[in-house]
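Trainee: Feature list, courtesy of TrEMBL:
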TRANSMEM  48-73  transmembrane segment
TRANSMEM  85-103  transmembrane segment
TRANSMEM  115-136  transmembrane segment
TRANSMEM  148-164  transmembrane segment
TRANSMEM  171-193  transmembrane segment
TRANSMEM  199-216  transmembrane segment
TRANSMEM  228-246  transmembrane segment
TRANSMEM  252-270  transmembrane segment
Amino acid sequence: MVCAQVETSPRRRWQKVLYERQPFPDNYVDQRFLEELRKNIHARQYQYWAVVFESGAVAQQLCSVCVFVVTWWYMDAGMLSPQRLFGAGLVSSLLGYILFNVIDAGVGRQESGRTWWADLKSTLVFIAFTYGFSPVLKTLTESISTDTIYAMSAFMLLGHLIFFDYGANAAIVSSTLSLNMAIFASVCLASRLPRSLHAFVMVTFAMQIFALWPMLQKKLKAQTPRCYVAVTTLFALAALVGLMTISSVGAVLFALLLLCISCLCPYCLIRLQLFKDNIHGPWDEAEIKEDLSRFLM
């Protein structure tokens with residue numbers, strides 16, 4: 001913005017209007033121009049422990065991927081039978097389902113209008129279709145090399161973490177895409193297991209840990225924050241212990257990653273707020289604050 005120096009009559013003062021002809025250049029501004037300057041009017045003040053609490057969603061999803069990969073490794077090595085995993089997953093899902101309805105005393109179920117019988121039918125249909133198509137899932141990627149399968153699975157799990165809904169209102173968030181990428185990764189890895197029963201159990205376990213488990217965690221976070229923190233901590237410890245049985249170096253690196261996300265990143269975010277310097281003034285675009293929805297009818 002160029003400020004033109006113009007000699008004018010003391011009786012005529014520049015006005016910030018467009019409907020009146022004035023003896024000033026179009027780019028002229030007076031000394032009051034910077035009086036409307038405002039800095040960081042929309043800046044948010046973060047509290048460290050509040051940011052640490054919110055970062056639990058990211059750490060929790062990383063642990064979910066870790067638990068899934070460790071479980072697949074145990075099944076592929078023959079150290080975990082599909083019957084045992086399916087039984088443990090069934091009991092865990094039943095307990096989680098009861099807890100999900102007890103947390104808010106059934107208010108959420110009443111608002112959604114969904115019945116217990118409808119949930120049971122959906123579960124039976126999913127198990128029946130997955131079990132019926134498990135031979136197809138087992139042979140679906142026989143013509144693809146194992147290295148390619150592992151690379152595709154890693155890429156899909158990474159995409160699952162990127163597009164997962166952590167609670168942020170951003171364009172990149174897509175819960176559907178995130179879940180589909182995780183299920184696709186589970187199908188790829190399940191196709192390298194010994195039998196069709198292994199593939200069926202692996203895909204079922206993937207649905208439990210990538211679809212049902214985050215729903216329970218969100219409910220815990222909204223209703224009982226302390227319980228959410230305890231469950232997240234125990235889940236992270238379980239993931240670390242499981243990974244340590246496979247690779248101690250991997251467990252150490254994963255622990256450092258969790259500490260970086262949960263402790264270091266919130267600290268860096270708060271420190272960087274001190275360097276924020278957003279300026280606002282009369283040069284900003286006009287914002288229409290009036291409700292114009294009545295004109296759309």
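Any Cβ shown, glycine's included, is placed from N, Cα and C.
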Trainee: Are the transmembrane segment (48-73) and the transmembrane segment (228-246) close, by which I mean at least 3 Cβ pairs under 8 Å that are 6+ residues apart in sequence?
Mentor: yes
Trainee: Using a threshold of three or more Cβ pairs below 8 Å, and leaving out pairs closer than 6 in sequence, do the transmembrane segment (115-136) and the transmembrane segment (199-216) count as in contact?
Mentor: yes
Trainee: I'd like to know if the transmembrane segment (148-164) touches the transmembrane segment (171-193) in this structure, counting it as a touch only when three or more C-beta pairs sit under 8 Å and are separated by 6 or more positions.
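Mentor: With 3 or more qualifying Cβ pairs, these stretches touch.
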Trainee: Six or more residues beyond either end and a Cβ under 8 Å away: which residues meet both conditions relative to the transmembrane segment (148-164)?
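Mentor: For the transmembrane segment (148-164), the nonlocal Cβ contacts are 61-62, 65, 68-69, 141, 172-175, 177-179, 181-182, 184-185, 188-189, 191-192, 210, 214.
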